[in-house]
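Note sheet for the following structure.
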Amino acid sequence: MEKVNGERSNDPKSLESANDVPRVRNLLLRSMCAVYLMAFVSFYCQAEGLYGDEGILPASRILANGTLKERLSLLQLGPFLGVGNGHEAIDLLCLVGATVAFLGLVTRVHCRLLSFIVMWSVYFSLVQISQSFRQQADHLLLEAGFLCILLAPTRLNDGRHPMEDIALLLLKWLVFRFMFASGSVKLASGCPLWWSLDGLKRHYETMPLPTSYSWYTYQLPDAFHRLSTIYVYLSELVCPWLFFAPSRAVRRFALGWHVFLHLNIIGCGNYGFLSPLVLSLLLTLLDDEDELAVWAQDHLSEAAEPTRRRPVATRPTTKGRSNHAEVPVVDTDRNGGRFVKAIAALMVIGSWICFSIGLSNDGQLTFSPNFTRDQYVSVMQAMVRAAPLLVFVLMVRKFLKLLASQDSVGSLADGMRQFSKNLGLLISTIVAFTVFFMSIVPHSRLLPSTAISSPVMTRAYGGLHSLYVVNQYGRHLTKMRPVRREIILEYADDVNGTWHEYGFQYKPWTLDRSASLPYGGLHFPRFDFKFYDGAGSKTDAQKWIYPLIQRLLEHRRPVLDLLDGRHVPAKAPRYIRTSLYRFAYTTSFTEGGFWARERLSDYFNVFSLDDTHLQEKLKRMNFPTSPVEQGSWNWLLRWLLDAVRRFVGAIEGSYLLMGLFVAAGTLIYTQQQQLRVGQST
């Protein structure tokens, strides 16, 4: 709302225009650009070693021998651009995606429909070649990114569009599904550690890539960990239902609850962009009149297109005051505070009853679930069925509101013109409802008794899932690992000689305190992360280790760059073996650091370059014996890509991301300063 002669304007058109600012949409889209930036940069930092011509799982292997679905990727355009389909084409896609994401983060002008189509298409192409290194975070980002395509504005304006409410509801439904799935499977799996409330403490020790924060938290009393486990159950099973509450105060309560949860998750583990993505989706709990949304809009607007502030209702001043003075009247949720207090009290009382919280004779807190697994499953069945019904009712309500907002039709000709005008809206609505109905299929699979068996629904879901538009979540923590096992790579020049260990950047491998629990920040080290899956499964299930060993025996520099450069041999070793170790947290630093470990067994036998077993495994995988380049004629573009790779390769992923976000913050701050100077003049 503009000021005239130092006073606020009460012009109705100005008020209506200010009310029309979609603050939550703008904030969510800018936040999603930040998440995309994390994902693209993290992928870029590891792309050459993982998917390059000399990498562990070359992308050309999939693009040449994969199925039609696997070969659906923008990398197929690499030969037409003269860079082939190897690591240079991957670098080009990563840099394009990161550039679009950075521009969308720093300025709303580039945060629109075309940008989100580009980012989704590019990241989908990268995930297509991820193979064994694909993670749950990739699925969640692609599903959220697709819904952002429905949300993003087409033109460079700040106005609303009719699909906004439905798209925001679908994003809210997505974060509900993710959180609810993460919680429901824990107790449904029957894992004794989750039922005894010891699962969270064990998780601090056995999570994929722990940090020093997880070590310190692990040292806290058992009663704290069991209370924390109850907090996690409330966060994932109870609190998500508050996402759909009509009360703003209740939704803010749920938002604050989950912000605290995910800040702790970011602190205790190297999950990369997963938690920032969930936090971005949680912005759907706000509305455009929320103070946080207003504050963000004011601090993210550009000088070229100044933000329109929320109108403030006023009332006349009391007698004796200036007629020009106005006292703001804050429109509050009158019963919101009472609802929040009632919900908090019910959570405490319910937890006390359900888990029989009490005191032992020595004054210690005791816990014991006051319900059986059958009772839990019965309640979960009702909750799994009720959630889609609730969201469907809300979607229909918003759809009817959308129809009511359309112009009336007086004749057939008017109807045809209206249909032509709203064709895009019609297509978006059909896509939105299709995505919603297909998302019910993975949601229903949280329990075997609620799974949808309709072949039509399952085939349709399979089609959308192949594009990662709809995915299933919650399977990563069904059963907690009782102990931590780690795969350690060792090399030697004599099969009977002294074995030395390869170093890792993020994965636990050494007992040295300074290097055993590094913090990756927003960077997602998927190479180190994958060893967590390998240590918890059979050796035959981890076929990617065979080409890893082959590349290490060949001493390929892109693969060596994935490791800690201070702990790799100066020349190619003759023999490599993999050992399985058991790792456990120490109870104090007087024991020598964060970890204690013992060797359990060989994970793989000793391999050499001429080992027949290794070569047979690689042959079955269609692993290329030598790099093959096709269509790499654009020497200038290739030189530029290699120059960028050499420059960026010297910067560790977490520091690179930190630098980019500092630069983005500086640009946004500079825009704000220009805006203030323009307004003052």
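Each residue, glycine too, has its Cβ placed from N, Cα and C.
Here's what TrEMBL has on this protein:
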{"type": "TRANSMEM", "residues": "27-44", "note": "transmembrane segment"}
{"type": "TRANSMEM", "residues": "89-106", "note": "transmembrane segment"}
{"type": "TRANSMEM", "residues": "113-133", "note": "transmembrane segment"}
{"type": "DOMAIN", "residues": "135-289", "note": "domain 'Lipase maturation factor 1/2 N-terminal'"}
{"type": "TRANSMEM", "residues": "168-195", "note": "transmembrane segment"}
{"type": "TRANSMEM", "residues": "223-244", "note": "transmembrane segment"}
{"type": "REGION", "residues": "305-325", "note": "region 'Disordered'"}
{"type": "TRANSMEM", "residues": "339-359", "note": "transmembrane segment"}
{"type": "TRANSMEM", "residues": "379-396", "note": "transmembrane segment"}
{"type": "TRANSMEM", "residues": "423-441", "note": "transmembrane segment"}
{"type": "DOMAIN", "residues": "469-604", "note": "domain 'Lipase maturation factor 1/2 C-terminal'"}
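Regional average pLDDT for the domain 'Lipase maturation factor 1/2 C-terminal' (469-604) in the model is 89.
The DSSP breakdown of the domain 'Lipase maturation factor 1/2 C-terminal' (469-604) into helical (H, G, I), extended (E, B) and coil residues amounts to 33 helix, 34 strand, 69 coil.
Within its own chain, the transmembrane segment (113-133) is flanked in space by residues 29, 32-33, 36, 39-40, 43, 47, 50-51, 57, 59, 62-63, 70-75, 90, 93-94, 96-97, 100-101, 103-104, 141-142, 145-146, 148-149, 152-154, 467-468, 526-527, 529-530, 542-544, which lie at least six positions past its ends and keep a Cβ under 8 Å from the stretch. Between the transmembrane segment (168-195) and the transmembrane segment (89-106), the number of CB pairs under 8 angstroms, six or more residues apart, is fewer than three, so the stretches are not in contact. Within its own chain, the transmembrane segment (339-359) is flanked in space by residues 197, 230, 234, 238, 242, 245, 247, 249-250, 253, 365-371, which lie at least six positions past its ends and keep a Cβ under 8 Å from the stretch.
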